[in-house]
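*Asks:* Here's the feature list from Swiss-Prot:
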- 1-213: topological domain 'Vacuolar' (TOPO_DOM)
- S42: phosphoserine (MOD_RES)
- S127: phosphoserine (MOD_RES)
- T130: phosphothreonine (MOD_RES)
- S140: phosphoserine (MOD_RES)
- S144: phosphoserine (MOD_RES)
- S149: phosphoserine (MOD_RES)
- S152: phosphoserine (MOD_RES)
- S153: phosphoserine (MOD_RES)
- 214-234: transmembrane segment (TRANSMEM)
- 237-257: transmembrane segment (TRANSMEM)
- 258-269: topological domain 'Vacuolar' (TOPO_DOM)
- 270-290: transmembrane segment (TRANSMEM)
- 301-321: transmembrane segment (TRANSMEM)
- 322-338: topological domain 'Vacuolar' (TOPO_DOM)
- 339-359: transmembrane segment (TRANSMEM)
- 376-396: transmembrane segment (TRANSMEM)
- 397-405: topological domain 'Vacuolar' (TOPO_DOM)
- 406-426: transmembrane segment (TRANSMEM)
- 474-494: transmembrane segment (TRANSMEM)
- 495-515: topological domain 'Vacuolar' (TOPO_DOM)
- 547-567: transmembrane segment (TRANSMEM)
- 569-589: transmembrane segment (TRANSMEM)
- 605-625: transmembrane segment (TRANSMEM)
- 626-664: topological domain 'Vacuolar' (TOPO_DOM)
- 660-781: domain 'STAS' (DOMAIN)
- 665-685: transmembrane segment (TRANSMEM)
- S842: phosphoserine (MOD_RES)
- T847: phosphothreonine (MOD_RES)
Amino acid sequence: MGRTIRRRRSNSSLSEAISVSLGINQDSSVNKMHRASVSAMSPPLCRSYMSGFFTGGNSPMINNLSDSKLPISNKQHPKVIHGSENLHRQTAQLSNEFCSSSVEENSPTIKDYMDIIGNGDRKDDQSMRTIEENIDEEYSDEYSRLLLSPASSNVDDDRNRGLQNSSLPELEDGYAGGYQSLRPSHNLRFRPRNLWHMCTSFPSKFAHYLPAAVLGLLLNILDALSYGMIIFPITEPVFSHLGPTGISMFYISTIISQAVYSGGWSSFPSGIGSEMIEITPFYHTMALAIKEALAGNDDEIITTTIFCYVISSMLTGVVFYALGKLRLGKIVGFFPRHILIGCIGGVGYFLIITGIEVTTRVAKFEYSWPFFSGLFTDYDTLAKWLLPVLLTVVLIGTQRYFKNSLVLPSFYILTLVLFHFIVAIIPTLSLDALRQAGWIFPIANSDSKWYDHYRLFNVHKVHWSLVLQQIPTMMALTFFGILHVPINVPALAMSLQMDKYDVDRELIAHGYSNFFSGLLGSVQNYLVYTNSVLFIRAGADSPFAGFLLIALTICIMIIGPVIISFIPICIVGSLIFLLGYELLVEALVDTWNKLNRFEYLTVVIIVFTMGIFDFVLGIIVGILIACFSFLVDSTKLQTINGEYNGNVARSTVYRDYVQTKFLDGIGEQIYVLKLQNLLFFGTIISIEEKIERLLQISNKDATKRRIKYLILDFKNINADNIDYSAAEGFNRIKRFTETKRIKLIISSIKERDRIYNAFNNVGLLNDVELFADLNSALEWCENEFLFQYKQLRKKAKERLEEGKQNNVVSAVIAATKNKKIDTIGNGLNRGSNGDTARNLMSLPTNTPRNYQILSVAQNVFVNDEQAVKNFKKEYKDDEPVLPILLFALKQYRPDIISEVQKVREKEIKFWAQLCPYFTRRRLASQSHLLHADNIFFLVETGMLKATYELPQGTLYEIFSNGTCFGKIIAPGNAMPREQKLTIETETDSVLWVIDSSSLNKLKEDNLALYVEVALMVMCIKDTRFKELLGYTLVSA
């Protein structure tokens, strides 16, 4: 099965693009092997009377554009998306300065570095480092399978050639009812091995398939009499003599389609092809329009009309063939089925009206009281339409009682015999008298032949201007015709238990049959579901049966015109009424409680619009209703796939204890909205309303969300396209967030995306941060908060130094006055005056967000960071790795900073035993750390990236300084090859490492410590696993 790899939001075929815009193809992170399949258990739509059925480093405090200024696009200097490598360097520098115990006066601040990074991101793309992207790849589904298809329409060329050059289909028992079904083998064309075999096998095959062929012939005859007869509007005087011509054109179309299907161009060599009944209303529309334009010129009317018929057939064939060759078989399946059902009901309504016109011989059905009263008060007229109605009622009742495919042909054969028997035994009745009274079709001319209609093809009498005027009707006819193949073909395959078929191949076959039918002066045709099922179940399991049916049909066609003069009009009327009844039941009765109210109302509107006004108008109304329905339904799409604050949605950066504590406290000021589905004028309103409700910030109401960074993630947007209204909607969202002093961030967007270009064109990207993925956006937001905390800490240190100087001056003055003072600074250094320490930090604006940041920063500074600095000073003369080790283990071993001295000293003494086993390493940027699955290390400075390569995809995390990580695999155990861990330095780094040999030595020297290290590694990995799993679930 020909699968093709495609990149997300890449250019694809037309049918795939539509599949994406409707949501059929989903993201590969959800399901790479997803195949859209639609059930085919509902009945086919066809005649059914036979069976009754980012810029970098900028702090968020940026001067906003005034509301009076219109946003303008910046095509010369487009907004640059933040690069992941620059972002990781920023995080590394921030962590290095963050963990230092003091800030030197002349040292560059982290903000200077962030500005450098930002300026670097603004440079031209050629000077930037290549942005490392993770592009989702997914298999494009081989085929949407439309209704039930288990096989792809996008099969490869070799398979196509295999299907085109196959042998006789194999026979396989069906699952129900003992029926036999067809399963195509290697060759579908009928090719006898040799002439001798053909000659000897012909008699036996003829006898074997003759009953099935006779049944198929009866079906063709009934179809010819029911709607072949009314190809032309025979109730109009100018067309009244063209009933036999319509039948001949019907037979020609049937023979050509049967030859194409049985000749090996179709997967159903025993299927029955026949004229499309749905074309009749369109033909009548064209014929009547031409008659009105050429009143009084009968020959020119007929010639122009018949040319319109054959041109429409050729046009239909070309469209069928093009759809099949372009592999667009599934595209027609996107048309709403209830619209098609309404069109089918419209055909049924038309047939009921036509049945009344044919039986009563009225020129045109009128919607007036005199006309309706005449149908009941004129006894002759009443009898002519009531009798076929009664025949139809009797037949419907008989079919419900007897479930046999022969009921229909047997009923009408018996009716025909009974009619002539009654005429024979009643002396006052005669065929001639009945013909004059309108009960039997008039006698055809004695020299009338089946090919007489070819005499009507006179190019000199064609009014080509009128032909051009009928092109809209021809297009509507073609559009309506192509909707049946993707419905009837899967339905027939299901009935025959076929597992392998190709809708595109069937479209090509229909293209041949319709084009050649028009070329030979006939009308449209298609594969008839009901007749094909009856034909195959009667024993037609070989193309031979199809060719035998062709021969019998040719015989009847040659005799044709003579037979018509002996057929009672009531039988033809009954057939028309039956077909109209079946289609109306299928449209209006069978869909009750299956369609919702809006869909059912749509069906009713289409039915009566087609029946009362015009078929083309009905299709236009149906398409408009379908578009309106799609618009209404699209506005109801759930555009928010998920919403998370920063406490839940965290980046995969592994940060030290102090940074983690601070981010835990202010995480709710980061808010993520994951968008999904389509972005257009119908869905942007719901997004605006959601954000407006979300950003209702109040100084008094603590229940309102305190959001500083709003991230809109575009990962699950189904189509890389957005209209102007939606782009302007995001501009309104941006202006609204600016009034609330909230930074708008967009993630999962790339510079090559059309959405990026649309946003740039409307000026949305000014003062908006852009990131290629959600992880980078979260990392940037966390860095901004950590920078703000560092600034607060720097101010606290400056105030602390000022306090110490003031205390010295106060001490000198007090000494001269013999007074004693208690310095505040000593109290602070001992951490005994927490309240004063808190007062060292402040923010200029007292808002709920700033108050929260200040409160959390004060708590972290007093309770955690001061404690960490104290033990760093206490153990600075010991092993240089010890303070780093204790700082890294603090979040996993709280006893390291326990207030109980004995507990703290015992814990520190225990872990101090590990220091001799560490080795200090300096690694340049982009260096690999070899671990052999046994390692424990501390990050003193720098930044590392750990990449996990799994069968399901690749995931990475960043290790900042002040953290520890390890991996220990017991001897004899091995990790699966497909689960690979790669550790690489993102910046120049300094590590303290216990490698595999040192771990083995530790195990021999101090088993208890080795076990604790192993348990520590397990604890670290468990914590990191939960963090990574959480991010994976959030970003899905």
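Using N, Cα and C of the backbone, Cβ positions are placed for all residues, glycine too.
Note that the structure is predicted; figures quoted are calculated from it, not measured.
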*Asks:* What are the helix, strand and coil residue counts for the topological domain 'Vacuolar' (322-338) according to DSSP?
*Replies:* 10 helix, 0 strand, 7 coil
*Asks:* For the transmembrane segment (547-567), could you work out the same-chain residues 6 or more beyond its ends whose Cβ comes under 8 Å from its Cβ atoms?
*Replies:* 190, 206, 209-210, 213-214, 216-217, 220-221, 225, 229, 243-244, 247-248, 251-252, 254-255, 258-259, 262, 272, 416, 420, 431, 435, 440-445, 448-450, 535, 540
*Asks:* Between the stretches 237-257, 474-494, 569-589, 665-685, which one has more Cβ pairs under 8 Å with the transmembrane segment (339-359) than any other?
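*Replies:* The listed stretch sharing the most Cβ pairs with the transmembrane segment (339-359) is 569-589.
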*Asks:* Within 10 Å of the Cβ of T847 (phosphothreonine), how many other Cβ atoms can you find? Include all protein chains, please.
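*Replies:* There are 15 such Cβ atoms around T847 (phosphothreonine).
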*Asks:* What residues in the same chain, six or more past the boundaries of the transmembrane segment (214-234), come closer than 8 Å to it by Cβ-Cβ distance?
*Replies:* 50, 240, 242-243, 245-247, 249-251, 254, 272, 274-275, 277, 280, 283-284, 287-288, 305, 309, 351, 354, 358, 405-406, 408-409, 412-413, 523, 531, 534-535, 538, 540, 545, 549, 552-553, 556, 564, 567, 571-572, 575-576, 578-579
*Asks:* When each of 237-257, 376-396, 605-625, 665-685 is checked against the transmembrane segment (474-494) for Cβ pairs under 8 Å, which one has the most?
*Replies:* 605-625
*Asks:* What is the number of residues in the topological domain 'Vacuolar' (258-269) that are helix, strand and coil, as DSSP sees it?
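*Replies:* Going through the topological domain 'Vacuolar' (258-269) residue by residue, I get 8 helix, 0 strand, 4 coil.
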*Asks:* Per DSSP, what is the residue count of the domain 'STAS' (660-781) in each of helix, strand and coil?
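*Replies:* Here the numbers are 53 helix, 25 strand, 44 coil.
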*Asks:* Reported in the order helix, strand, coil, what are the DSSP residue counts of the topological domain 'Vacuolar' (397-405)?
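*Replies:* Per-class counts: 5 helix, 0 strand, 4 coil.
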*Asks:* With pairs closer than 6 in sequence left out, are the transmembrane segment (376-396) and the transmembrane segment (569-589) joined by 3 or more CB pairs under 8 Å?
*Replies:* yes
*Asks:* Does the structure show the transmembrane segment (270-290) and the transmembrane segment (605-625) touching, where I'm treating 3 or more Cβ pairs under 8 angstroms (sequence separation 6 or more) as a contact?
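*Replies:* Judged by the Cβ rule, the two regions touch, with the required three close pairs present.
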*Asks:* Sort out the residues at least 6 away from either end of the transmembrane segment (665-685), same chain, that have Cβ-Cβ distances under 8 Å to it, and list them.
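*Replies:* 21, 23, 631, 634-635, 637-650, 691, 694, 705-719, 721-723, 725-726, 729-730, 755, 774, 778, 781-782, 785, 849, 852-853, 855-856, 859-860, 1034.
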*Asks:* Go through the chain and flag residues at least 6 beyond the ends of the topological domain 'Vacuolar' (626-664) whose CB is under 8 A from any CB in it; none is fine as an answer.
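*Replies:* Cβ under 8 Å, 6 or more out: 91, 95, 98-99, 335-336, 339, 598-599, 602, 670-680, 682-683, 685-687, 690, 694, 705, 709, 716, 774-776, 778-779, 781-782, 785-786, 789, 856-857, 860, 864-865, 868, 887-888, 890-891, 955-963, 965, 1024, 1027-1028, 1030-1031, 1034.
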*Asks:* For the topological domain 'Vacuolar' (322-338), what's the model's average pLDDT?
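*Replies:* In the predicted model, the topological domain 'Vacuolar' (322-338) has a mean pLDDT of 79.
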